[in-house]
Amino acid sequence: MEAFFVEIGEKPFRATQLLQWIHQRGVGDFSAMTNLSKSLRARLVECCEIRVPEIAYEQKSADGTCKWLLQLDDQNRIETVFIPEDGRGTLCVSSQVGCALECSFCSTARQGFNRNLSAAEIIGQLWVAGRELGEGRVTNVVLMGMGEPLLNFNNVVAAVSLMLDDFAYGLSKRRVTISTSGIVPALDRLAEVSDIALAVSLHAPDDELRNELVPINRKYPIKELLAACKRYVGRENRRKVTFEYVMLDGINDTPAHARALIRLLSHVPSKVNLIPFNPFPGSNYRCSGPETIRRFSDMLHAAGLIATTRKTRGDDIDAACGQLVGRVNDRTRRHHRIQVVTS
């Protein structure tokens, strides 16, 4: 952006001013940016445009969770969820229109895949949330919405840089989390350019079961994935990796599975987030019972692992984990992006 202003004969600091107007003050009209000269404002109006996703539909849960169905310029739709908690507010943002990874327990996967979101469309979800909720309500961002973030590497990294920029959203690295199903080459690349918090959708303690639940495991099996996780946290003393584990009745929730998970993670700096399965129409799974989840968690704790159980939020408006769907206009490209690993 600085190069753009230099090119049109302006000082580089104008880029900082523009960032503050757009991202900190939520102003989408160049003519309202009063610390810019009238001539510069006129030129920006003439040659530039600020576009953000439009809210097509809003739903509010009884627990305070808010879900927006956002319409993009090409009429595709994505979903963004705000989860209020005591002392903080977490925004769950999407990175793709649909998803190509076909995880069997996820509603988004059934929508197919259309395209990557641009960096502007990703950061635009924060802009919309700020406008709707007011300044300071979003304190944490998780890239856990529609899509696999690491299959949209460049745009996700560009959006994250704005989330962290003191002249934009100014979030701490500890308050931005990227969740991946395990795209190993992209995870190694991420380790070189960012040190935000990492969450990995594990969901099984062995390759045979994970191949069924998370098919990308056939390309990047657990051993390779855990090695990449160790490399990620090994740089600059990063925090523990959070391993997400959806609790599926009779599938991955037995004491034997817990013992296998303990062995698997015994040498990885990690914590485990147990996620009660959130049903959706046509799903073939049921959520593990509360006692089963408690027993599973107790076994992890007894072995010295940090384990938490995610509190289900927004399930009455289909805003819980694994329930986001949006609208994918063209599903014919659903397998295209799996083969494009970041280069």
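One is the number of the first residue shown, and numbering goes on along the chain from there.
Glycine too: its Cβ is placed from the backbone N, Cα and C atoms.
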TODO: May I ask you to find which of S161, S179, S297 TrEMBL records for the S-adenosyl-L-methionine site already listed with G147, E148, S201, L202, H203, N278?
DONE: S179
- [ ] Would you count the other C-beta atoms found within 10 angstroms of the C-beta of H203 (S-adenosyl-L-methionine binding site) for me?
- [x] 25
Task: Fewest other Cβ within 10 angstroms of its own Cβ, chosen from the binding-site residues C99, C103, C106, L202 - done: C103
- [ ] Calculate the distance in Å between the alpha carbons (Cα) of S179 (S-adenosyl-L-methionine binding site) and C99 ([4Fe-4S] cluster binding site), and round it to a whole number.
- [x] 13
Task: Alpha-carbon spacing, H203 (S-adenosyl-L-methionine binding site) to C99 ([4Fe-4S] cluster binding site), which is rounded to whole Å - done: 18
